[in-house]
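Annotated in TrEMBL:
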- C:Thr75, C:Asp163, C:Glu228, C:Lys258, C:Asp262: substrate binding site (BINDING)
- C:229-231, C:Asn263, C:292-299, C:Glu315, C:Asn350, C:Asn419, C:His426: NAD(+) binding site (BINDING)
- C:263-425: domain 'S-adenosyl-L-homocysteine hydrolase NAD binding' (DOMAIN)
There are 4 protein chains.
Amino acid sequence: MTAGTSETGTADPFGRLQRRNGVEFAVADLEFAAFGRQEIRLAEHEMPGLMQLRREYAEARPLHGARIAGSLHMTVQTAVLIETLVSLGAQVRWVSCNIFSTQDEAASAVVVGPHGTPQEPRGVPVFAWKGETLPEYWWCTERLFSFTDGEGNVVGPNMILDDGGDATLLVHKGVEYETAGVVPTVADDDHTVSEEARVVLDTLRRSLAADPQRWTRVAKEIRGVSEETTTGVNRLYQLAEQGKLLFPAINVNDSVTKSKFDNKYGIRHSLIDGLNRATDVLIGGKVAVVCGFGDVGKGSAEALAGQGARVIVTEIDPICALQALLEGFQVAQLDEVIGKADIVITTTGNKDIVTVEHMAAMKHQVILGNVGHFDNEIDMAGLARHPGIHRITIKPQVDEWVFPDGHSIIVLSEGRLLNLGNATGHPSFVMSTSFSNQVIAQIELFTRHEEYNRDVYRLSKVLDEKVARIHVQALGGELTKLSKDQAEYIDVDVEGPYKPEHYRY
Amino acid sequence: MTAGTSETGTADPFGRLQRRNGVEFAVADLEFAAFGRQEIRLAEHEMPGLMQLRREYAEARPLHGARIAGSLHMTVQTAVLIETLVSLGAQVRWVSCNIFSTQDEAASAVVVGPHGTPQEPRGVPVFAWKGETLPEYWWCTERLFSFTDGEGNVVGPNMILDDGGDATLLVHKGVEYETAGVVPTVADDDHTVSEEARVVLDTLRRSLAADPQRWTRVAKEIRGVSEETTTGVNRLYQLAEQGKLLFPAINVNDSVTKSKFDNKYGIRHSLIDGLNRATDVLIGGKVAVVCGFGDVGKGSAEALAGQGARVIVTEIDPICALQALLEGFQVAQLDEVIGKADIVITTTGNKDIVTVEHMAAMKHQVILGNVGHFDNEIDMAGLARHPGIHRITIKPQVDEWVFPDGHSIIVLSEGRLLNLGNATGHPSFVMSTSFSNQVIAQIELFTRHEEYNRDVYRLSKVLDEKVARIHVQALGGELTKLSKDQAEYIDVDVEGPYKPEHYRY
Amino acid sequence: MTAGTSETGTADPFGRLQRRNGVEFAVADLEFAAFGRQEIRLAEHEMPGLMQLRREYAEARPLHGARIAGSLHMTVQTAVLIETLVSLGAQVRWVSCNIFSTQDEAASAVVVGPHGTPQEPRGVPVFAWKGETLPEYWWCTERLFSFTDGEGNVVGPNMILDDGGDATLLVHKGVEYETAGVVPTVADDDHTVSEEARVVLDTLRRSLAADPQRWTRVAKEIRGVSEETTTGVNRLYQLAEQGKLLFPAINVNDSVTKSKFDNKYGIRHSLIDGLNRATDVLIGGKVAVVCGFGDVGKGSAEALAGQGARVIVTEIDPICALQALLEGFQVAQLDEVIGKADIVITTTGNKDIVTVEHMAAMKHQVILGNVGHFDNEIDMAGLARHPGIHRITIKPQVDEWVFPDGHSIIVLSEGRLLNLGNATGHPSFVMSTSFSNQVIAQIELFTRHEEYNRDVYRLSKVLDEKVARIHVQALGGELTKLSKDQAEYIDVDVEGPYKPEHYRY
Amino acid sequence: MTAGTSETGTADPFGRLQRRNGVEFAVADLEFAAFGRQEIRLAEHEMPGLMQLRREYAEARPLHGARIAGSLHMTVQTAVLIETLVSLGAQVRWVSCNIFSTQDEAASAVVVGPHGTPQEPRGVPVFAWKGETLPEYWWCTERLFSFTDGEGNVVGPNMILDDGGDATLLVHKGVEYETAGVVPTVADDDHTVSEEARVVLDTLRRSLAADPQRWTRVAKEIRGVSEETTTGVNRLYQLAEQGKLLFPAINVNDSVTKSKFDNKYGIRHSLIDGLNRATDVLIGGKVAVVCGFGDVGKGSAEALAGQGARVIVTEIDPICALQALLEGFQVAQLDEVIGKADIVITTTGNKDIVTVEHMAAMKHQVILGNVGHFDNEIDMAGLARHPGIHRITIKPQVDEWVFPDGHSIIVLSEGRLLNLGNATGHPSFVMSTSFSNQVIAQIELFTRHEEYNRDVYRLSKVLDEKVARIHVQALGGELTKLSKDQAEYIDVDVEGPYKPEHYRY
């Protein structure tokens, strides 16, 4: 029995799976590929980091032999990432890491590939469409792990590229339950277990029944994972602390060229894009409350102020609060200013930032949205339960919630990330900085995995600087060269890195 | 023979005219009305000037007896304007002043009215849909002049509300040709006469044949016109100088609360909205050339700089150029910087600002758009004629033009106003300042027309200040009150106006 | 009897008058000239407008024959103005228009002249020193009118260059009293007459006794006056309205290159300069209230925001208030925010803006200053009378006023213009735009006085554009040239002017 | 023989030492104390961190028994620091860490003390005056180590508070040479040894001769040092790496509330303050090149842009360069833009940033200054050696250097820190954040020295947040409180710290 016999081609509970020209996929419609291809072509121009890596490794193809399982929003930008991995020699399979975030034309274009047609696709297996159910989502994620080797055998990946950690989670939980020999059962009325957790348990229960060693075999093959986000990184650090991490991990999130660019400059762009597409309301002259002044909050405040809004910041962290004050923003508690706000944006990554009490106290037709993390940052569940509340959907992702007293508020994207829900997320250029780190991390882990332990690593500063350098050039910036003499004077190498590890930028 | 016999209900060459529940109209689809009504309701909240005027004149109804022929982009904001005029007692008919600018759901909602249904419309006759042909456009404009009086007779308007001056033009040209007894003929191969001019001549030729005194009768009834834009205002000043103006006109364009708000703060919002919806390209870090540093250019530069672009300004006027320099912008000639630009925006209202030579010298995938005026600001005709040029439509209003050397440029809205073509134009709040001036001008001319000559007037500063005051309150601003003593000290009235006529703000 | 016999060289009541090498003067110390000359030399580089006019008119010397009486702050910048007038052929005498505004080294350097020495001065007669008394001030002003002609006779000026209108006032009042044959007397206990008014009456009473036709003769010779400021311009308009204006006047204040540059960009620089030199207090993070949002208020708000302060604006004019809101500033009444402010700046030109009640309600160690106009903008007189108030002079122009409750406020420059009192006023470059208008106005009135009536004129827009053009070039800006075709399209001349008169910039 | 017999009161080679009312000192003039006291009083209001620490520890007096040797710019702000240390129970002696940085009135006021008079001083021994020679400087530093105990014996300090590390250096070198039994001699013509190094050797040679165990005894008593700057911190890390560090050290420089506030917001204020006081040149409209985009460069660029300059950045580090680009600044090499610049500011901390070749290529009257570190950042030595160069001192700290071709440049503060040389350095508020860290570090090391090894430590983040919190309150900011539930959700303590160590702010 080969590695893959447990994975049968017939497992298609949702009737979504297709195979054409030898390519397996589950996307909305391959006919969208042509438009997707146009978008990919334009995005390539805005992603100089990825294109430079393609040129740099065109001959070496360092990912030859890599089988990468990717779980990351299936957008146009991700399509450029996927095709970069392929051009570096990798075999790739892909799913989205969020049920709403797939751009269907991008998914289709990736399946078709740059040289294929909808009739004769030549691209990458993708299992993702906009608006999946939770069971569909986890079915897609499971498909991620069924590569085919040269002889047509089903084999697992040897690399994971993750955003939020769901692919990594499935492997770790799979191994845990296979080791225990059983998947825990949960009582139907146990409210401490979320719906999603039940779906994962069901998925693994079926898997265990079909092949009691599948995930154990899969895990052994994996050389490492590179992880994109804070949430996923936190999971990895916890696993490493507990000694349960099954393979090395690179924390891409904390590269400077990720966290200080994607988070700040990405949101500066996409926040107002989302607000404008959703509401067409003049931002200038409005009172905008930004909850949180981390990198995302900083980008949000700058964007709103740049459009002429008066920005008020709420913060728990006195250091960030002092930064906000010295940038000229009022720092206040939400309770105190809620009655003045015209726009309220959450950026914290925490929960219950805007409560139903806040919403009840807002002015008529306040615009409320989140760019922080989950939809519990704004208490959407509480809002829906509010006695006498009435919801009017103005258009997709724009809801007016009318309170019994007659005043209403405009909630964007049901409290989920409005820059993705009401616009198209971060633009290509900032994603190019983030994704270049991903590619570099994949090369690093795949080619030098023996030098890494089962721990969480960050990319070296010199790689961070390399990513930055490519993007500086793309924007026409001219870097100054350090002389040997100057380099010695400040005790660095002429080629960098130029700063100590704890430098804050 | 009554005033209207020349206007027959059967004149429907395009099969567009409908009548339902006694309301005549020509719009895309009345079923769009429900969505349009939602948008109108939300827009009302953002248009405090118009809503205040409704409250203020709820009893007086100073426009009772007015029959207003309105020619102005049939958008959601205009819908709020129309319904304000109606609530002040006016009878209204409406057309759009641009073949592309109608929002179909707004047009439908106006026809249906706040208390009607698609089956039983109770609103205002509108003749407008997105994407008219030129003959359709002028047919609509002609229909504007056929009101029905209490006895069902067709009568002309007694007021015009104009944007660009097309309604006013039709009356003046009609009278001119009726006086001459003939409409000029134009040879088919006379290239000095535009296609649109021919359509106007044809329209009036038919009119003259059907009723040789129609426009003469119409003109006599008209008490005045209020005009929205620079272009229309310039036509009015020319007519007045030549002694040909047939009725008084109020230049709304040059109210401070129009030109210094709509032009500057409106574009600050809608320029980047258009860029973002069209391209999703990160503005931060890009070199953006703004051609022209008038009010629109100032708003454009501020918007782009607020998003982190490096802005370079081109200017002919040394005073505006000096302002740009002192605001920290580089001022250069387009020829010198064209090779560095990533984004090029024209705001001048002049022609041939960006030539084909410029476009040929641009970097690959430069974004090129216009927020200035007509599509000759960028030489679109020249571009289309360029040998070997190849056009790829990425999506509606976004074209990639590929030059024979392989580099391409992205042109938005075919060189027309990208903030309207790629987004939804100026937001409601700034239109509220502009339209409040329109309503006040209509009241002024309708109720006190005897005090005006056949000349072009501006609204008094005290009315300008009134419009501003309403919008200050809406934004939560608290004005300081001048004491009697202070007012005397600076020699103004306690209630204003507070500045001399030549004050520049 | 020659024209000047009434003016005797012996009139030196304050022992200030000196003559050396044939040059008459009254300044602090000629030894300061060397330092002043250095400053003048550096300032010339920053005053490209004046230097360009010197080059342009080097041969024509259009002011040959002009005898210019100048009354304008005797600063380094004014020194460059004076020497420009001289290089254009004029004979010049000068006084300061404010008892505190003279820079002594500049006054001395002007007397010495570029080619003289303190022992052998070859410059211009100046009567000005820092810290004059009111009688000294008016004695200086009177000396302004005693030129010497080629034969050594005392003659009057034929041109006035004025700032605030004091020189013009003296002539008009002199003529009025000479016509009446008597100077009014004022009772000692008449509190409606200010101390300064009494000094003027005394001055003219002496003059009338010595020579009953002096001012009548002087007035006849004067071809015109160019006036720098709002206050002086208002006086001129009043005289013109009453038919009492004795010669033509050019209102330099309302040139765009004066009011929109000097007022806004000058204060943007000099406000924070004054604050910093006076207090060394970090502006970032502070709440700064700016009273008034005219050009000076706009520049003040921009400067403070640029340093990271949170700016709150107070306004009476709803149009300016709406601008402030749309620029992102809170607009509030001073009463409401006085308890939050750390810095309060008045910019209004009105009186009683900050009352003693406001000051009593301020936080401890608030910084309070004025850049608007007179010292009644902040009620300094009321403060000094406040029961139990205690004043501590920290250093010159910086006073701490301690209230009986123990809290204190820091008042700058005793409520007078802090940018002049605590720093050195507007920098050379913006004064170059203002003073270029002055020089052009002097040439215009001197050479073409016959074309002007006894009225108030503004310089033509084409001259305004000329001044701007010189300064654009100095900053390295490259203007775009209008083609003939484009000029026709927008109906302007290729060489300008480019905008209608009512354009607001 | 007591600890101090080697230190005799007669060692006064420069005739500077005074004793009055039992207080030993060497300052310019005690009569300056009254003005210094006023300044200290005002500064206290702007240093809420220090004042809060005084209140918090008023009873505990945790520094009782501490003998602190302080070497840090003897300014008004430092006076508030010194008096805070005293109020916490410490015995203190002080010197400046730079020959030019003493504010004489502050030094005097500290000696006099809040309750003393110039006749009867009751303050702290200070050995510092503006403009020391190098031998004087090191004599002062040596005096720092001669405390007097309760019985009048001379004893060493038990704590060092250092800025730049000179006090720490003297102890370490002293011990080194005492251990070796000899101080190295240097040949007179050995150009590799700086003048300052020779002075240090001479000082220690005399000390060794007088008391061969003095520094060994001193070092044993010292519980620790807190160090303010990058340069001093680097020295400490080197000593620690080599195992030569004699006592524990706390790196105050890398507290967030130091490096991200003092460096950035301090310079944002004091750069333009220095430029304005030095030159009075309008910053608006000028091309300003900022060399380096670290924290100091970021603050500089923001300050200049906030005044309307066009800022161009030079950088070696691609990450910082990419930040500059995304903030809208041009990034270029100095060679390429040197001919366009009007203002050039170095902020790098490296050497030879602006070379003589650059200066020779600058425009006439360019302003050149440094806020980075030493005067080798601009090649001042090279400039002085340039053939045919001519220096004109306009006023103290402002020199015009005229090149043989006639063009000149304005160099501020002879290439030393212009914000200190031409203005008064960073304002009190930012120094309050830095100095609060110093006080906390002193308490920590003095009271818990047994928990520290001979290594370099940073303050815990919770102390960083404490410092920030005090300053947030002082600016009126209202922090949001984390609920217990929220704290668990993001896995932090309710009271903080709120961020992981590697967080970049």
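Placement of Cβ uses the backbone N, Cα and C atoms for every residue, glycine included.
On the structure: features taken from TrEMBL.
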residue	record	DSSP (3 states)
C:Thr75	substrate binding site	coil
C:Asp163	substrate binding site	coil
C:Thr231	NAD(+) binding site	helix
C:Lys258	substrate binding site	helix
C:Gly292	NAD(+) binding site	coil
C:Lys298	NAD(+) binding site	helix
C:Glu315	NAD(+) binding site	coil
C:Asn419	NAD(+) binding site	helix
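Residues C:Thr75, C:Asp163, C:Glu228, C:Lys258, C:Asp262, recorded as contacting substrate, have a largest CA-CA distance of 18 Å. Note: the CA-CA distance between C:Lys298 (NAD(+) binding site) and C:Asp163 (substrate binding site) rounds to 23 Å. The subset of binding-site residues C:Thr231, C:Asp262, C:Glu315 lying near chain B, with Cβ atoms under 8 Å apart, consists of C:Glu315. Taking the Cβ of C:Thr229 (NAD(+) binding site) as centre and 10 Å as the limit, one finds 22 other Cβ atoms among all the protein chains shown. Taking the Cβ of C:Gly292 (NAD(+) binding site) as centre and 10 Å as the limit, one finds 28 other Cβ atoms among all the protein chains shown. In this structure, of the binding-site residues C:Thr75, C:Thr231, C:Asn419, the smallest number of CB atoms within 10 A of the CB marks C:Thr231. Within the set of binding-site residues C:Thr75, C:Asp163, C:Glu228, C:Lys258, the entry lying nearest in space to C:Asn419 (NAD(+) binding site) is C:Thr75 (CA atoms).
Candidate binding-site residues: C:Gly292, C:Gly294, C:Val296, C:Glu315. Nearest to C:Glu228 (substrate binding site) by Cα distance: C:Val296. Rounded to the nearest whole angstrom, the C-alpha distance between C:Gly292 (NAD(+) binding site) and C:Asp262 (substrate binding site) is 17. Within 10 Å of C:Thr229 (NAD(+) binding site), as judged by C-alpha distances, the binding-site residues found are C:Asp163; the full candidate list was C:Thr75, C:Asp163, C:Asp262.
Note: the CA-CA distance between C:Thr75 (substrate binding site) and C:Val296 (NAD(+) binding site) rounds to 21 Å.
Checked against C:Asp262 (substrate binding site) by C-alpha proximity, the binding-site residues C:Thr231, C:Gly294, C:Val296, C:Glu315 yield C:Val296 as the nearest. The most crowded of the binding-site residues listed here (C:Asp163, C:Glu228, C:Asp262, C:Glu315) is C:Glu315, judged by how many other CB atoms sit within 10 Å of its own CB. For C:Gly294 (NAD(+) binding site), the same-chain residues 6+ apart in sequence whose C-beta sits under 8 angstroms from its C-beta are C:Asn263, C:Cys320, C:Thr347, C:Thr348, C:Gly349. Across the fold, the C-alpha of C:Thr231 (NAD(+) binding site) and the C-alpha of C:Lys258 (substrate binding site) stand 14 Å from each other. The separation of C:Lys258 (substrate binding site) from C:Val296 (NAD(+) binding site), Cα to Cα, is 12 Å. Counting only the Cα atoms, the space from C:Asp163 (substrate binding site) to C:Glu315 (NAD(+) binding site) is about 27 angstrom.
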